[in-house]
Protein chains: 4
Amino acid sequence: MKIFFIGDIVGRAGRQILKDAFKYLDLRSTYDFIIANAENAAGGFGITNKVLDELLQLDIDCLTMGNHTFDKKEGEQVLLHNKVIRPANLPPNVVGSGYGIFNSRAGKVAVVNLLGRIFMQPVDCPFRTFDLLYSEIKKETNIIVVDFHAEATSEKVALGHYLDGRASAVIGTHTHVPTADLKILPNKTAYLTDVGMTGSTAGVIGFKKDPIIQKFLTYIPKKFEVEVENPQLQAVSIDIDESGRARSIERVFYPEEAAFEGELLDND
Amino acid sequence: MKIFFIGDIVGRAGRQILKDAFKYLDLRSTYDFIIANAENAAGGFGITNKVLDELLQLDIDCLTMGNHTFDKKEGEQVLLHNKVIRPANLPPNVVGSGYGIFNSRAGKVAVVNLLGRIFMQPVDCPFRTFDLLYSEIKKETNIIVVDFHAEATSEKVALGHYLDGRASAVIGTHTHVPTADLKILPNKTAYLTDVGMTGSTAGVIGFKKDPIIQKFLTYIPKKFEVEVENPQLQAVSIDIDESGRARSIERVFYPEEAAFEGELLDND
Amino acid sequence: MKIFFIGDIVGRAGRQILKDAFKYLDLRSTYDFIIANAENAAGGFGITNKVLDELLQLDIDCLTMGNHTFDKKEGEQVLLHNKVIRPANLPPNVVGSGYGIFNSRAGKVAVVNLLGRIFMQPVDCPFRTFDLLYSEIKKETNIIVVDFHAEATSEKVALGHYLDGRASAVIGTHTHVPTADLKILPNKTAYLTDVGMTGSTAGVIGFKKDPIIQKFLTYIPKKFEVEVENPQLQAVSIDIDESGRARSIERVFYPEEAAFEGELLDND
Amino acid sequence: MKIFFIGDIVGRAGRQILKDAFKYLDLRSTYDFIIANAENAAGGFGITNKVLDELLQLDIDCLTMGNHTFDKKEGEQVLLHNKVIRPANLPPNVVGSGYGIFNSRAGKVAVVNLLGRIFMQPVDCPFRTFDLLYSEIKKETNIIVVDFHAEATSEKVALGHYLDGRASAVIGTHTHVPTADLKILPNKTAYLTDVGMTGSTAGVIGFKKDPIIQKFLTYIPKKFEVEVENPQLQAVSIDIDESGRARSIERVFYPEEAAFEGELLDND
Ligand SMILES: [Fe+2]
Ligand SMILES: [Fe+2]
Ligand SMILES: [Fe+2]
Ligand SMILES: [Fe+2]
Ligand SMILES: [Fe+2]
Ligand SMILES: [Fe+2]
Ligand SMILES: [Fe+2]
Ligand SMILES: [Fe+2]
């Protein structure tokens with residue numbers, strides 16, 4: 001099964017480059033299943049019904065979330081949609097589902113969304129949450145993709161190893177900066193610490209740089225606005241066999257070299 | 001000036017692959033100036049006099065440090081060596097120097113070491129510390145390389161923009177995972193969020209994976225030991241003109257594709 | 001000099017009980033100088049011009065702030081008033097002043113506002129900030145009262161000792177829970193880890209309890225509203241001699257035993 | 001049932017004043033059940049078998065722990081003793097028990113130890129952990145005392161309210177500074193944000209002040225040593241009826257006014 005996994009969509013710049021990528025990369029005919037992290041899709045913070053509709057029109061199969069799930073009040077309502085999943089290690093009884101099992105033209109695929117806890121809010125243990133879900137999911141499908149929305153590299157790499165041989169892919173999100181450590185772990189789990197984001201590459205992790213720099217210099221809160229210049233889609237293409245083992249994982253940047261405010265060099 | 005900047009050297013696995021890289025990549029004849037972050041060089045935590053000697057025998061020009069500077073008691077003594085610099089935004093009167101101005105065959109070069117503060121200890125402001133040092137350094141040389149040892153991507157990207165046009169290069173360290181966002185900013189500062197590390201790629205950020213996973217599962221402290229399998233040097237090569245502007249920045253992994261425990265794919 | 005120091009005023013419940021206390025305790029005739037922390041005075045978060053006016057009508061001599069200084073946009077404007085001081089260890093060039101020297105019927109008194117950094121945002125070092133201010137202030141007056149707005153007990157007690165013999169009093173604020181460690185340190189600095197707050201004692205640190213409990217149970221953000229039941233003023237009375245040494249420090253609760261939702265026992 | 005609850009015993013100064021208090025306050029004849037937090041009993045960090053023996057010779061009925069449970073390697077072994085409980089919201093399969101049900105001359109009493117998560121490590125949810133234990137414990141006894149070992153006042157007060165009417169008493173530990181908010185909540189749960197500690201009052205939360213101040217000034221790690229001057233036992237006396245409702249809660253300091261380095265004023 002060919003899966004396309006898209007990093008955090010940040011605001012309208014992110015949604016626009018995503019539309020372009022669907023068209024120019026012909027994503028729908030190339031991939032059996034398309035996942036995108038949407039926690040920043042609405043103005044950089046959270047998601048709304050309107051933005052959900054816009055994303056679903058692109059024919060994305062599954063939207064994952066993260067620590068910004070509830071930034072917009074409509075967030076709780078958006079989670080009722082069966083293509084949207086929220087972190088599975090939120091407390092029980094929270095609205096929505098922490099994983100989904102979806103049909104694709106190449107068979108069933110499960111997507112699990114997990115939050116890290118290091119330098120983040122103290123949710124339930126992502127390691128043990130996966131253990132619990134795994135036995136249920138495994139009855140339905142061998143193909144399991146995990147969006148690990150986390151900050152600390154130690155926690156992300158450790159979870160990758162912990163899930164090696166059980167998950168088909170463990171793809172990190174949240175830092176908005178793509179990492180260069182694509183690999184297939186010994187037991188055939190595709191792994192990447194962070195896939196990056198889908199939005200402007202000209203500012204600071206998707207937002208205009210001046211308010212963020214001013215915040216660092218003054219500690220006076222500033223309104224953070226989505227930057228729109230030089231957008232890029234940052235994603236990975238993963239090929240998984242029927243037993244759930246990863247055959248390959250490759251990075252996809254669109255456009256390949258964002259004109260940035262400067263130049264992008266040697267990242268391909 | 002051709003500069004080689006090496007990510008956090010982690011324990012003996014890191015020191016060994018570094019030696020190999022010096023030899024096989026012929027670093028000394030290729031580069032005018034070689035910088036390495038050594039905060040994890042001794043057993044993964046800090047630095048000792050013995051390890052310092054070992055590193056200096058490789059003819060490294062400057063060693064930078066980070067949050068692990070004082071993990072070993074000898075750390076304070078090591079900082080007296082004029083090739084070793086520690087974060088400049090530690091409190092005043094701390095032993096050692098926060099920057100150095102060095103002679104190379106291609107002229108003078110300044111190296112500044114700064115610590116981030118987001119998700120880290122509350123040291124002095126890295127933004128303002130650079131401002132203070134800049135006026136002094138600029139009298140001596142146009143070529144200024146900053147090792148920004150920090151956790152949060154927002155703080156790292158923001159400092160990159162803040163120093164754009166003043167520093168020749170802002171290279172992130174600390175997370176031990178290389179990022180794929182090499183770029184030259186609009187005012188010609190070379191930028192990378194994290195250069196990665198120099199050590200084993202088989203465990204968790206340079207350490208054996210089992211104790212780290214057990215720590216996440218039990219919260220009982222475990223002794224972390226340096227992993228030695230499949231070491232890799234992670235570095236960047238930066239070319240800077242006489243005015244201090246970056247001409248290019250390129251990633252260097254040695255070996256190019258670490259045999260990992262699995263396989264490394266498409267990171268080059 | 002008899003000084004009255006009032007803990008964080010939380011919303012209208014806090015402002016109302018403060019008014020009552022001024023009247024029934026006859027604060028203005030009893031005390032030479034009255035200080036109150038106002039970082040939560042407007043709806044529990046920050047301060048507005050209107051709330052400032054309301055507080056100044058009570059004839060308070062100095063208002064201190066904390067981490068909520070800029071929660072309301074008007075915060076920056078409020079800091080222009082000469083009776084309002086904000087933390088002195090915010091970055092330079094931030095609007096307002098970090099200390100004030102005021103005239104009272106018993107002579108000059110300096111008030112310094114400092115923020116802690118443990119478990120809080122990384123501002124400048126409160127220890128060194130005091131060192132810098134002390135030499136200036138000492139020329140003007142021996143009587144120096146410090147509002148140390150901080151979270152961690154270790155940092156608060158350590159700063160108390162560090163300022164012992166230089167400050168006349170180091171009074172903690174921010175946790176909204178009064179501590180029972182009133183003391184005069186060996187070099188005659190009056191010390192209290194936290195003076196508490198001025199507002200409702202029926203909820204959670206001044207706010208309605210249900211949204212806060214729900215937040216802990218669900219991690220879904222809730223709107224926090226100021227609680228109004230069973231308000232209490234929590235303060236200290238400090239007597240300082242002309243050389244700046246503390247003669248005594250005593251706790252003042254008004255009413256002495258808040259009817260709470262339950263009963264207050266043996267705290268006097 | 002008359003219960004005596006003793007704050008974190010810090011090192012030998014703490015153990016010595018505890019022995020004195022047992023003798024001079026005649027604790028064993030006054031109280032039906034005696035609980036002490038022992039997470040700092042061995043040299044200020046953790047617990048050893050030898051220290052356990054020393055404490056048990058005093059005839060303490062139950063020792064609770066906290067974030068320092070495993071500081072000493074013997075910690076895991078100490079947890080096998082049936083009078084020692086460790087936080088109940090550690091991951092499952094961790095050695096030891098998170099609560100105990102004990103016989104006393106006045107009947108059965110349950111003690112539950114919980115860790116907070118705000119500004120602390122991300123363990124399991126203390127709110128939900130209590131819910132799970134409650135149904136089991138309630139079958140055995142109505143008298144339930146909770147040691148909530150936590151940092152943030154908001155989390156502590158919120159848990160107090162959440163357990164109001166289910167726990168007989170919720171007593172905070174960990175900050176080492178006693179708070180002045182003793183109360184009985186509306187549904188008859190005795191509550192105190194922090195009981196304080198049992199150890200030297202002359203330093204910084206039980207430790208010598210100079211290394212801690214130096215650490216704040218330099219960020220260079222220092223060895224923290226237990227202070228021994230002017231020790232004090234900080235505790236509460238709680239009276240609980242047969243239905244599990246608190247009749248009263250009172251603070252006990254021994255000696256009543258520690259000679260401190262200075263003087264203790266008006267804390268009684
Ligand atoms: Fe995001
Ligand atoms: Fe996120
Ligand atoms: Fe490092
Ligand atoms: Fe580091
Ligand atoms: Fe406050
Ligand atoms: Fe505050
Ligand atoms: Fe403790
Ligand atoms: Fe503790």
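Please read every residue number as a count from 1 along the shown chain.
Glycine too: its Cβ is placed from the backbone N, Cα and C atoms.
Feature annotations, reproduced from TrEMBL:
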{"type": "ACT_SITE", "residues": "B:His68", "note": "active site, proton donor"}
{"type": "BINDING", "residues": "B:Asp8, B:Glu39, B:Asn40, B:His176", "note": "Fe cation 1 binding site"}
{"type": "BINDING", "residues": "B:Glu39, B:Asn67, B:His149, B:His174", "note": "Fe cation 2 binding site"}
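Looking only at Cα atoms, B:Asn40 (Fe cation 1 binding site) sits nearest to B:His68 among the recorded positions B:Asn67, B:His68, B:His149, B:His174.
With a cut-off of under 6 Å between the Cβ and any atom of ligand 3, the binding-site residues B:Glu39, B:Asn40, B:Asn67, B:His174 reduce to B:Glu39, B:Asn40, B:His174. With an 8 Å limit on C-beta distances, the binding-site residues from B:Asp8, B:Asn40, B:Asn67, B:His176 that reach chain A are B:His176. Of all the binding-site residues in the record (B:Asp8, B:Glu39, B:His176), the one with the smallest CA separation from B:Asn67 (Fe cation 2 binding site) is B:Glu39.
When the binding-site residues B:Asn40, B:Asn67 are scored by other C-beta atoms within 10 Å, B:Asn40 scores highest.
For B:His174 (Fe cation 2 binding site), the Cβ neighbour count at a 10 Å cut-off comes to 27, with all displayed protein chains included.
Under 8 Å, Cβ to Cβ, and six or more positions away along its own chain, B:His68 (active site, proton donor) finds B:Glu39, B:Asn40, B:Phe45, B:Gly46. Spacing of B:His149 (Fe cation 2 binding site) relative to B:Asp8 (Fe cation 1 binding site) is 10 Å (Cα to Cα, whole number). Other than the site residues B:Asp8, B:Glu39, B:Asn40, B:His176, same-chain residues with C-beta atoms no more than 8 angstroms from the centre of those residues' C-beta atoms, the Fe cation 1 site, are B:Gly7, B:Ile9, B:Val10, B:Asn37, B:Ala41, B:Gly44, B:Gly66, B:His68, B:Thr173, B:His174, B:Met197, B:Gly199, B:Gly206.
In this structure the alpha carbons, written CA, of B:Asp8 (Fe cation 1 binding site) and B:His174 (Fe cation 2 binding site) are 7 Å apart. Taking the Cβ of B:Glu39 (Fe cation 1 binding site) as centre and 10 Å as the limit, one finds 29 other Cβ atoms among all the protein chains shown.
For B:His176 (Fe cation 1 binding site), the same-chain residues 6+ apart in sequence whose C-beta sits under 8 angstroms from its C-beta are B:Gly7, B:Asp8, B:Val10, B:Asp194, B:Gly196, B:Met197, B:Gly199, B:Ile205, B:Gly206. Excluding the listed site residues B:Glu39, B:Asn67, B:His149, B:His174, the same chain places B:Asp8, B:Asn37, B:Met65, B:Gly66, B:His68, B:Thr69, B:Pro87, B:Leu115, B:Ala150, B:Thr173 with Cβ atoms within 8 Å of the centre of the Fe cation 2 site Cβ atoms.
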